[in-house]
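Novice: Shown below is the structure under consideration.
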Amino acid sequence: MLLFLLSALVLLTQPLGYLEAEMKTYSHRTMPSACTLVMCSSVESGLPGRDGRDGREGPRGEKGDPGLPGAAGQAGMPGQAGPVGPKGDNGSVGEPGPKGDTGPSGPPGPPGVPGPAGREGPLGKQGNIGPQGKPGPKGEAGPKGEVGAPGMQGSAGARGLAGPKGERGVPGERGVPGNTGAAGSAGAMGPQGSPGARGPPGLKGDKGIPGDKGAKGESGLPDVASLRQQVEALQGQVQHLQAAFSQYKKVELFPNGQSVGEKIFKTAGFVKPFTEAQLLCTQAGGQLASPRSAAENAALQQLVVAKNEAAFLSMTDSKTEGKFTYPTGESLVYSNWAPGEPNDDGGSEDCVEIFTNGKWNDRACGEKRLVVCEF
């Protein structure tokens, strides 16, 4: 109320001309209502004053602080699906799942075609000796066996009676020179020789003086006794040499040799193809082992067992397939083939090997086997 009275007082104090000019100015304006500029009121309160003019625009103020963010609008409608992107990298392998239950067994398939026979494997180690079996029934008498190996030389027996003169033997090898013996007594005079060719007649000589009568000659019996003593001494030396040779042969054969009858099997322990093995034995003065009896085969088997290696034999069927012969070309007089052998597996088995069990098998000559020479 007080503000209203102050406004009326200001209007009354203004000059009349000024008021009229102001009224004219405002009369030209479009007035929506008669009470727009002058508020209508009762007579008691007086007229309100006019609005003042707008002042000049002041300088721009500093930028105010940002207002609080408005409330988020509602989510818009989803846009159209974009194009398919490139394939991503494979992810890491996941952990294996639990093992599934065993499915039912399927029906048995048809039997496959038998594969080709594999190559014979290496020789296995000799098995342990099995338990002794029960004695079987007594068999029939077998054929007479071969002559066994010569036994050890026995001790010298008592001197027997002189036997009849034997046939002249084959000259023996030259023995070791013995010590020089004592000079023997002069032998009996031999028979007179046949007269020589007649020489030219010589000059007649003077008659000589008769010589003294010679001494009586010794009897021939002591000469026979002396010869007998010499023969006995030579026999003792021969026996000594034979014993020494037998002992030397045993030492030489141990442990890589075997003697049976007049044969000696010897190995140096190395393995070679057949051709090289054959050449080595030939250069040493022998040939590859050629067992011609069960005894010789058993002696050779001992060397094979000691070395635990199969060994080549000298026989081949390179000339006629299936017909094995010795190096001399003669047919076999003894054989000890394993069951089902020889079978010429692969069409290239022309040589023979002996296993640790003493059985024979045909084998390719290019394979390497133990070298055993025969002397």
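The count begins at 1 with the first shown residue.
Each Cβ is built from the backbone N, Cα and C atoms, and glycine gets one as well.
Because the structure is a prediction, the values reported are computed rather than measured.
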Novice: Under Swiss-Prot, which of the candidate ranges 13-42, 223-252, 253-282, 343-372 is annotated coiled coil?
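Specialist: It is 223-252 that Swiss-Prot describes as coiled coil.
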Novice: By CA-CA distance, flag whichever of K87, N90, P96, K99 among the recorded positions is nearest to P78 (4-hydroxyproline).
Specialist: K87
Novice: Mean pLDDT over the domain 'Collagen-like' (46-222): what is the value?
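Specialist: Residues in the domain 'Collagen-like' (46-222) carry a mean pLDDT of 69 in this prediction.
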Novice: What is the separation, in Å, between the Cα atoms of K99 (5-hydroxylysine) and N90 (N-linked glycosylation site)?
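Specialist: The Cα atom of K99 (5-hydroxylysine) is 24 Å away from the Cα atom of N90 (N-linked glycosylation site).
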Novice: Using all protein chains in view, find how many other C-beta atoms are within 10 Å of the C-beta of P96 (4-hydroxyproline).
Specialist: 6
